[in-house]
Amino acid sequence: MPGFFASIFQWISGLFFSKQAEIAVVGLQASGKTSFVNVITSGQWSEDVVPTVAFNFRKIRKGNVTMKIWDVAGQPKFRSMWERYCNGVDAIVFVVDSVDVRPIHYSIRFIVI
């Protein structure tokens, strides 16, 4: 699976002409946002991930691209923060747990907004 995420990182890196990109990673709770960010930043996958409280910030450099990544919590009490962290970023990654189809329809409401 890390190879898949490395491919996504290469694709995202190619989208930007600047040497710096700011990305917000959002989605419902327990959808895999922090795991996604961990694989991109360190190449490490772990099943044991503590739920994010408010947000986590990571800054990494891969090649000639510096990425600032905001991993924003998905619990209902933190969703009002999504707009703040998504405003002005270069890309928004909306993570959905494809195994649990119940929240997918709920997630679509946030994407449309």
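Quick reminder: no glycine exception, Cβ is built from N, Cα and C everywhere.
The feature GTP binding site is assigned by TrEMBL to Gly27, Leu28, Gln29, Ala30, Ser31, Gly32, Lys33, Thr34, Gly74. The feature Mg(2+) binding site is assigned by TrEMBL to Thr34, Thr52.
Here the features listed in TrEMBL are painted onto the structure.
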| residue | record | Cβ within 10 Å |
| --- | --- | --- |
| Gly27 | GTP binding site | 23 |
| Gln29 | GTP binding site | 15 |
| Ser31 | GTP binding site | 22 |
| Lys33 | GTP binding site | 27 |
| Thr34 | Mg(2+) binding site | 21 |
| Thr52 | Mg(2+) binding site | 18 |
| Gly74 | GTP binding site | 24 |
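Excluding the listed site residues Gly27, Leu28, Gln29, Ala30, Ser31, Gly32, Lys33, Thr34, Gly74, the same chain places Val95, Asp97 with Cβ atoms within 8 Å of the centre of the GTP site Cβ atoms. Proximity to Thr52 (Mg(2+) binding site), judged by a C-alpha distance within 10 Å, picks out Gly74 from the binding-site residues Gly27, Ser31, Gly74. Pairwise Cα distances among Gly27, Leu28, Gln29, Ala30, Ser31, Gly32, Lys33, Thr34, Gly74, the recorded GTP-binding residues, top out at 11 Å. Separation of the C-alpha atoms of Thr34 (Mg(2+) binding site) and Gly27 (GTP binding site): 10 Å, rounded to the nearest whole number.
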